[in-house]
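Asks: Let me begin by handing over the structure; questions about it come next.
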């Protein structure tokens, strides 16, 4: 079977490995904006092209007689790549544009949740003008401010965090209003977690819960990033969660998929990503994404025991409910090595060498190859993942691998450590009283 992967990041490298491990021995093709050396090594052939060039994507897929496609990042979904491939007779794992809007229009997503009474929605309003927006900030007093469109996970600012006070919240709102509409919502206090699922339009197959670390520096300090690393526990839930927290989050996602079918008239087929915050009164929705998280994809794909291509086929055929899907009962810790100075002033074009990474797996993200050597760009460079019986053991494997990457790199040593996880557990105990 010929499969096309669209996208060229660390997440897509993990997806490519998942596809290549299949017993069906598929031929993998890729279309990516920049050459990812990890993906290129797994492919029969690849095309370097902007992933949002819809006609070029379809043209390449037809020329290579592609039988099924997987869209990795959000931008091509927002551009309608899935719609165009289906029209060309090529089934796609990745929702059509009318469903992917749940990620690329934050205002639409909140209004949709409200319309269908989906649990976990904050008090919020959407604004296009400054005065009513500022008045609403005064009314709520503790807010999150979001641009309506795609921001690569870096556009949201929260009071008590990136926004020190009401004045800062108003100033950021005014700045965003110059570019478009703004969503202002009540700020939730709690611990964030990610729940991802394969969706075939009706049925959902859930991956274990993951916790990502958005802040650049240790101790959850510094600016937001695309994600510095993430971990899963040996079961479905994280150490600070209760089983009922997971069940509530699953129900929210099931209700969302059902409501999307009702709203759009088509089934949501692909990956649904729920970003939740666990509060004293249960899980609330931070946002939905229409694709795997990066780094969270690395954690969960590495645990999958069921054939990845079988799952892809079930997603596009709508038969996911008949496929038993299983995961290895192990813990994972994923950590990103990023260029020194990232995210604000990253050192580009620095050579990276990889020594013995032991039992870890390695995924290339924003790097490039020149004369057989690997160099950094301005974004996250290389992810390593440790898999073991416990989070502590997985963390050691990942950390050891990072110590064997050489170059002008930086990483967070605290992700997956007992001290940081205990901090999360204590925080939730305190909130729950």
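Indices start at 1 and increase along the chain as displayed.
Placed from the backbone N, Cα and C atoms, the Cβ positions cover glycine too.
Swiss-Prot lists 137-194 with the feature ATP binding site, giving sequence analysis as the kind of evidence. The annotation Mn(2+) 1 binding site is assigned in Swiss-Prot to 275, 287. Swiss-Prot lists 275, 287 with the feature Mg(2+) 1 binding site. Annotation source Swiss-Prot lists Mn(2+) 2 binding site at 287, 289. The annotation Mg(2+) 2 binding site is assigned in Swiss-Prot to 287, 289. What Swiss-Prot lists as domain 'ATP-grasp' is 110-317.
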Asks: Determine, using Cα-Cα distances only, which of these binding-site residues is closest to residue 177 (ATP binding site): 275, 287, 289.
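Replies: Spatially nearest to residue 177 (ATP binding site) by Cα position is 287.
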Asks: Which residue, out of the binding-site residues 161, 185, 287, shows the minimum number of other Cβ atoms inside 10 Å of its Cβ in this structure?
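Replies: Candidates: the binding-site residues 161, 185, 287. Fewest Cβ atoms within 10 Å: 161.
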Asks: Looking only at DSSP and grouping its letters into three states, which state does residue 169 (ATP binding site) belong to?
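Replies: Assignment for residue 169 (ATP binding site) reads helix.
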Asks: Specify the secondary structure state of residue 161 (ATP binding site) as given by DSSP, simplified to three classes.
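Replies: It is coil.
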Asks: Which number gives the other C-beta atoms within 10 angstroms of the C-beta of residue 289 (Mn(2+) 2 binding site), all protein chains shown included?
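Replies: So the Cβ neighbour count for residue 289 (Mn(2+) 2 binding site) comes to 23.
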Asks: Counting across all protein chains present, how many other Cβ atoms fall within 10 Å of the Cβ of residue 275 (Mn(2+) 1 binding site)?
Replies: 18
Asks: Go through 145, 177, the listed binding-site residues, and name the one with the sparsest Cβ surroundings, counting other Cβ atoms within 10 Å.
Replies: 177
Asks: Around the C-beta of residue 137 (ATP binding site), how many further C-beta atoms are within 10 angstroms, looking at every protein chain?
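Replies: 23, counting other Cβ atoms within 10 Å of residue 137 (ATP binding site).
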Asks: Find the shortest Cα-Cα separation between residue 275 (Mn(2+) 1 binding site) and the binding-site residues 137, 185, 289, and name the residue that gives it.
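Replies: If we rank 137, 185, 289 by Cα distance to residue 275 (Mn(2+) 1 binding site), first place goes to 289.
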Asks: Between residue 161 (ATP binding site) and residue 289 (Mn(2+) 2 binding site), find the distance joining the two CA atoms and give it rounded to the nearest Å.
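Replies: Cα-Cα, rounded: 23 Å.
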Asks: Check the DSSP secondary structure of residue 177 (ATP binding site), expressed as helix, strand or coil.
Replies: helix
Asks: Who sits close to residue 193 (ATP binding site): which same-chain residues at least 6 apart have their Cβ under 8 Å from its Cβ?
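Replies: Within the chain, residue 193 (ATP binding site) has Cβ neighbours under 8 Å at 209, 210, 211, 238, 241, 249, 276, 277, 278, 283.
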Asks: Whole-number Å distance between the CA of residue 289 (Mn(2+) 2 binding site) and the CA of residue 169 (ATP binding site)?
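Replies: Each residue's Cα considered, residue 289 (Mn(2+) 2 binding site) and residue 169 (ATP binding site) end up 24 Å apart.
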Asks: In whole Å, how far is residue 287 (Mn(2+) 1 binding site) from residue 137 (ATP binding site) when you measure between their Cα atoms?
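Replies: Spelling it out, the Cα of residue 137 (ATP binding site) and the Cα of residue 287 (Mn(2+) 1 binding site) are 20 Å apart.
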